[in-house]
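See below for the structure under consideration.
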Amino acid sequence: MNQIIDHIAVIGGGAWGTALAQTSRRAGRRVTLWAREPEVARAINATHENPDFLPGVSLDPGLHATADLAEALRGAEAVLVVCPAQALRPVLTTARPLWPGRAPMVICAKGVEQGSGARMSEVATAVLPEAPLAVLSGPTFAREVAEGRPTAVTLACADGALAEALVLALGTRTFRPYASTDVVGAEIGGAVKNVLAIACGVVEGLGLGDNARAALLTRGLAEITRLGRALGARSETLSGLSGLGDLILTATSMQSRNFSLGFALGQGRTLDQVLGERRSVAEGVHTASAVVALAARWAIEMPICAAIHGVLSGDYDVTSAIESLLSRPLRVEGGSESQIHPTAKTATP
């Protein structure tokens with residue numbers, strides 16, 4: 001029999017945290033949302049709207065928000081952690097003494113930690129080893145989830161029974177989690193696609209055409225697959241919702257923070273200019289260097305991610321980055337992807 005999860009805490013009052021709190025209320029759960037900014041919590045409670053991060057979306061009146069982390073966690077039977085990837089370690093360190101017993105943690109952040117190269121589940125296990133762990137990932141825009149538009153995601157947990165219990169707790173008619181036991185696969189797809197989305201945005205901003213973007217998406221999926229398989233992920237996860245599905249969504253829409261950032265770079269704007277106009281985080285900016293370092297550690301070729309890391313770090317301009325990709329040797333597709341060497345021509349008599 002699956003355990004029953006009724007009381008959910010959501011750590012993170014941004015767009016995605018608010019959307020997950022809203023869909024959890026639709027699933028009939030008691031929900032407390034923690035927002036770092038007291039004014040965000042006050043606005044949600046007073047107006048049933050998050051005007052800073054999800055303006056115009058009406059929230060369930062039963063959704064309670066607080067800026068007091070202890071209050072948010074008290075009595076929770078599951079905790080959704082919805083903070084930027086690079087903030088996960090400090091957020092969990094603060095939450096650790098307040099954690100509600102052995103309540104499972106569902107990580108909803110997508111990225112790789114800078115410096116350590118750790119996946120989000122590895123960070124969580126290091127800080128809170130006693131908390132059962134799951135990962136929620138997939139093709140999602142926060143506003144559409146909050147508005148109740150049809151969405152499907154992967155919910156991965158090494159404990160299959162817990163994965164199913166969380167699916168039952170969070171699932172609704174329009175929010176469809178699919179249970180998986182492949183945590184690594186769910187994480188790698190969700191992290192790397194943010195870097196690839198920046199690349200696709202650059203291609204769009206430069207006006208290189210649909211052919212180029214399709215090629216970049218396909219070769220980007222090959223990079224996700226190479227890294228994921230090296231780390232132990234299953235191929236079907238990488239070609240599923242949290243891999244290919246998330247890549248298609250994030251790398252083809254201006255709703256994506258990462259795609260729109262890449263588009264602006266392709267149009268000639270600087271990274272500082274683009275980031276200076278934003279309040280929300282484009283995770284690919286921080287994940288690029290960590291993914292490239294992780295790939296180097298495992299001797300995995302990821303030329304698209306490396307090119308975008310070069311752009312973000314100031315080593316290349318966008319035109320040079322694209323040129324570096326186009327000048328790579330021709331290869332066999334699939335398998336070992338061995339390089340094709342030209343055969344020297346011999347003169348005919």
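Each residue, glycine too, has its Cβ placed from N, Cα and C.
Listed in Swiss-Prot for this protein:
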BINDING   Trp16, Arg36, Lys110, Ala142, Arg257, Val281, Glu283  NADPH binding site
BINDING   Lys110, Gly138, Thr140, Lys193, Asp246, Ser256, Arg257, Asn258  sn-glycerol 3-phosphate binding site
ACT_SITE  Lys193  active site, proton acceptor
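What Swiss-Prot annotates, mapped onto the structure for a quick look.
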residue	record	contacts (Cβ under 8 Å, 6+ apart)
Arg36	NADPH binding site	Gly12, Gly13, Ala67
Gly138	sn-glycerol 3-phosphate binding site	Thr151, Ala152, Val153, Thr154, Gly190, Leu241, Ser242, Gly245, Asp246
Ala142	NADPH binding site	Gly14, Ala15, Trp16, Thr18, Ala19, Phe53, Leu54
Lys193	sn-glycerol 3-phosphate binding site	Lys110, Gly220, Ile224, Gly243, Asp246, Leu247, Thr250, Ala251
Ser256	sn-glycerol 3-phosphate binding site	Phe141, Ala197, Gly201, Leu249, Thr250
Arg257	NADPH binding site	Arg278, Ser280, Val281, Ala282, Glu283
Asn258	sn-glycerol 3-phosphate binding site	Asn194, Val195, Ala197, Ile198, Gly201, Thr250, Ala251, Ala282, Glu283, Gly284, Val285
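All protein chains shown were included, and the count of other CB atoms within 10 Å of the CB of Val281 (NADPH binding site) stands at 20. Counted over all residue pairs in Lys110, Gly138, Thr140, Lys193, Asp246, Ser256, Arg257, Asn258, the record's binders of sn-glycerol 3-phosphate, the longest Cα to Cα distance measures 15 angstrom.
Taken residue by residue with DSSP, Asp246 (sn-glycerol 3-phosphate binding site) is part of a helix. Look at the binding-site residues Asp246, Glu283 and count other Cβ atoms within 10 Å of each Cβ; Glu283 has the fewest. All protein chains included, Trp16 (NADPH binding site) registers 26 other Cβ atoms within 10 Å of its own Cβ.
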